[in-house]
Every structure is written in C-alpha cells, then in structure tokens.
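K.L.:
These came from TrEMBL, pasted as-is:
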TRANSMEM  39-64  transmembrane segment
DOMAIN    55-310  domain 'G-protein coupled receptors family 1 profile'
TRANSMEM  76-99  transmembrane segment
TRANSMEM  119-136  transmembrane segment
TRANSMEM  157-178  transmembrane segment
TRANSMEM  198-224  transmembrane segment
TRANSMEM  255-274  transmembrane segment
Amino acid sequence: MQLDAISNSSEELYKSLPNFSINVTEIPSYDFGPEYHRTVRICSLSIMFIFSLLGNTMVVRQLLPLTRGRFPKSKILFLNLAAADLSVTFATMLTQLIWELIDQQWIAGDALCKIFKFAQTYSLCSSTYMLVAIAVERYNAIVRPFAPSQEPKYYALVTWIAALIPAFPCFIVFHVVHISENVSKCVSKFYTSPQAMFWRQTYVMCVFLFAFIFPFLILLVLYIRIVVEIRLRSFVFTASQQTASSLPRARIKTLRMTSAILLTFIVLNIPYVVQECLISFGYSELINKNISALAGVISASNSAFNPYIYLMFQTKETCIGKCLRSMITAMCSRHCRTTNHKNDHSFLSSSSKTSSKFDMHTLTTLPPIRAARVNSMINKSSNVRAEETFV
C-alpha cells in the first residue's frame with residue numbers, strides 16, 4: 001500500500017511539472033560507402049601483400065646488375081615497373097591493411113590523412129603509367145625501328161612525373177571527420193557534404209579517365225598497331241628473309257609479356273571501376289558485401305601479378321619461371337592438343353617434306369663422319385623450329 005501511494009504521488013508530481021524543451025546536439029550520421037566483410041578484405045590484402053613483396057623483390061634482384069657493367073636499356077622500364085609495384089605494395093597494400101586492422105580509425109591528424117591518400121593514389125597511377133611507357137617504348141622499337149627515339153630512362157622519368165597529376169587532388173578532397181569524441185576517419189569530403197553527389201560523380205569520372213580509361217585506350221591502340229605491323233612483316237618477307245631481317249625473338253617475347261600484363265590490367269581493374277560507378281550514381285545497395293570487400297582492393301593486385309608474368313617470360317631459367325610455365329602448360333596442353341594437332345601436324349609435315357629432299361641429297365655427297373654431324377645439326381634445328389611453332 002505504501003508503494004502504491006508513493007507511485008501515485010510521483011505521477012501527480014510529474015503531471016504538475018511544466019514542459020521543458022531540451023536542445024540536444026545530435027551527431028550527424030555519415031554514409032561512408034557500401035558495407036563489406038572486413039575479414040575477407042583483410043585476408044585478401046594480406047595475401048596480396050606477401051605475393052607482391054616476394055615477386056617484385058625477385059624481379060628487382062634479377063634486374064639489378066651485380067657488377068659495375070653497363071646496364072641493359074631494355075631492362076630499365078621493367079626495373080621501374082618493379083619499383084612502382086613495390087611502392088604499391090607498401091604505400092597502398094600495407095597501409096590499407098593496417099588501416100583495416102584498426103577498423104579504419106584515423107589517429108594521425110588531417111595532414112597525414114591527405115599524404116596517406118596521396119601516396120596510395122600516386123603509387124597506383126605510377127604502376128599504371130609505367131605500363132603505358134613500356135608500350136610506347138615497344139611501339140617505337142617495333143613499328144619505328146629507324147626513327148630517333150628517347151632513352152628508356154626518359155620514359156620512366158616522364159611517367160613518375162605524370163603520375164602526380166591524378167594524385168594531387170587528394171590534398172583537397174580528403175580530410176579527417178570526427179564521428180565521436182574518440183573516433184575519427186580519413187574520408188573524402190563527398191561523403192560528408194549533403195549536396196556533393198554531383199561533385200563526387202565528377203571527381204570519380206576524372207579519376208577513372210586519368211587512371212584507367214586513358215591508359216587503357218593508349219595501351220589498346222599501341223598494341224593493335226604493333227600486332228598489325230608484325231602481321232604485315234610476316235606477309236612481306238619470306239621465311240629465309242625473316243630469319244635475317246625481321247623482328248628479333250627477344251622483342252617478340254617482350255611483346256607477349258607486355259600483352260599478358262595488359263590483359264591482367266584490364267581484368268583486375270574492371271570490377272573496381274564498376275563498383276565505384278555504382279556507388280557514385282546511387283546504386284550501392286546492388287553490391288554484395290563479399291564482392292565489395294574484394295573489388296575495393298583487387299585493382300591494387302595488378303602489382304602482385306606483374307612480377308610473376310615477367311619471371312614467367314624470362315629466357316634465363318628461374319625457379320618461379322619454371323613452376324609457372326609448367327602449371328600453364330599442364331592446364332592448356334589438353335586443349336591445345338585437341339584443337340591444333342591436325343594443323344600443326346600438317347604444317348610440320350609439309351616443311352619436313354620440302355627440306356628432306358635437300359637434306360638427303362646433301363648428305364649423300366658428304367663423307368660419313370661429316371654427314372652424321374650435319375644430320376644431327378639438322379635434327380636440332382628442326383626441333384627448335386617445332387618448339388617455336390607451338391610457342
């Protein structure tokens with residue numbers, strides 16, 4: 001009974017009190033992009049960092065001369081590509097991994113936030129632009145072999161400077177946002193401004209143009225022109241003239257290697273481009289959390305694949321090159337045998353028939369010992385031609 005009396009008196013006291021309006025400052029809620037699984041992103045970043053560090057370290061170790069001899073010009077751009085990929089490894093992968101481990105909380109101040117985003121963008125653009133520099137150098141060497149061209153070191157210098165253009169806006173766009181008293185984040189201003197959708201779309205499209213679209217179009221045009229030039233030379237020259245005056249095998253191998261790097265660049269960058277376009281134009285709810293976790297870092301994985309592609313195409317046998325070539329050969333051997341066996345067999349048989357008459361006539365006029373030596377040399381050359389046919 002006493003409790004009921006106390007409760008009734010408290011209710012009457014509460015009703016008799018005047019109404020007061022209390023102004024409370026609410027913390028604004030920001031949308032920092034689509035949600036993703038942090039575990040998936042942290043695992044993918046860790047794997048990428050390890051593979052990129054090992055691969056690019058092996059490439060730098062192989063390209064750097066151990067003596068004070070003259071450094072080959074053909075390796076200068078590939079050494080700079082490995083250096084750019086190492087910058088992506090540390091400035092993008094490692095820093096992003098540490099940032100994800102602390103739940104993207106920023107404790108280093110506004111100035112370091114801008115420098116952090118600038119370093120990430122600059123390293124990614126320098127790696128992409130270095131692929132363009134390699135393509136330009138290959139174009140001048142194959143399509144315009146007698147025209148005066150710049151040294152590869154100048155291509156590399158221009159590339160490092162050009163990568164500053166899409167990276168400088170990071171000093172204006174990114175800043176630190178204080179979500180609570182102890183929580184801060186380093187984000188772009190487009191996430192915190194209420195009327196920034198148009199400017200975000202404009203900024204994203206400009207970044208895509210300079211970091212993906214323009215390099216992709218330049219690479220595509222240059223490599224198409226190189227392939228057309230090689231085809232034209234193969235039709236103009238005869239087989240005997242090609243061995244003496246056509247493109248060296250080293251340039252053809254470099255062309256194949258850079259084409260593989262170009263294909264990897266396209267495949268790995270398309271998911272990130274599609275995701276950012278969906279976010280910029282208001283369709284972020286269509287993105288899966290696992291896909292968002294992978295697409296956010298998959299564009300940087302291009303720097304993890306480049307060194308292994310380079311090692312796979314090297315003439316000097318390396319352990320990594322042998323393993324990669326054996327894996328690719330094992331995966332493609334069945335398909336190649338079923339589709340190309342008849343054509344390759346007919347081509348090799350026709351070439352062997354035309355050469356066998358000349359070989360037999362020559363061997364009959366030679367002494368027995370010399371004929372045996374010439375016969376072994378002919379067999380070796382035919383085996384080499386057969387291997388080159390399948391390459």
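One is the number of the first residue shown, and numbering goes on along the chain from there.
Glycine residues also receive a Cβ, built from the backbone N, Cα and C atoms like all the rest.
All TrEMBL annotations are machine predictions without curation.
Note that the structure is a prediction, hence the values are computed from the model and not measured.
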K.L.:
Between the transmembrane segment (119-136) and the transmembrane segment (198-224), do 3 or more CB pairs sit under 8 angstroms, pairs being 6 or more residues apart?
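P.N.:
They are in contact.
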K.L.:
Apart from its near flanks, which chain residues at least 6 from the ends of the transmembrane segment (119-136) lie with a Cβ under 8 angstroms of it?
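P.N.:
Residues 77-78, 80-81, 84-85, 87-88, 91-92, 95-96, 155-156, 158-160, 162-167, 170, 207, 210-212, 215, 218-219, 222-223, 258, 261-262, 265, 299-300, 302-303, 306.
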K.L.:
Let me spell it out: take the transmembrane segment (255-274), skip the flanking residues so only those 6+ beyond its ends count, and list any with a Cβ under 8 Å from a Cβ in it.
P.N.:
128, 131, 134-135, 138, 142, 208, 212, 216, 219-220, 223, 226, 230, 291, 294-296, 298-299, 301-302, 305-306, 309-310, 312-313
K.L.:
Excluding the flanking five residues on each side, which residues at least 6 beyond the ends of the transmembrane segment (157-178) place their CB within less than 8 Å of a CB in that stretch?
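P.N.:
30, 80, 106, 109-110, 113-114, 117-118, 121-122, 125-126, 129-130, 132-133, 184-192, 203, 206-207, 210-211.
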K.L.:
If you average pLDDT over the domain 'G-protein coupled receptors family 1 profile' (55-310), what do you get?
P.N.:
83
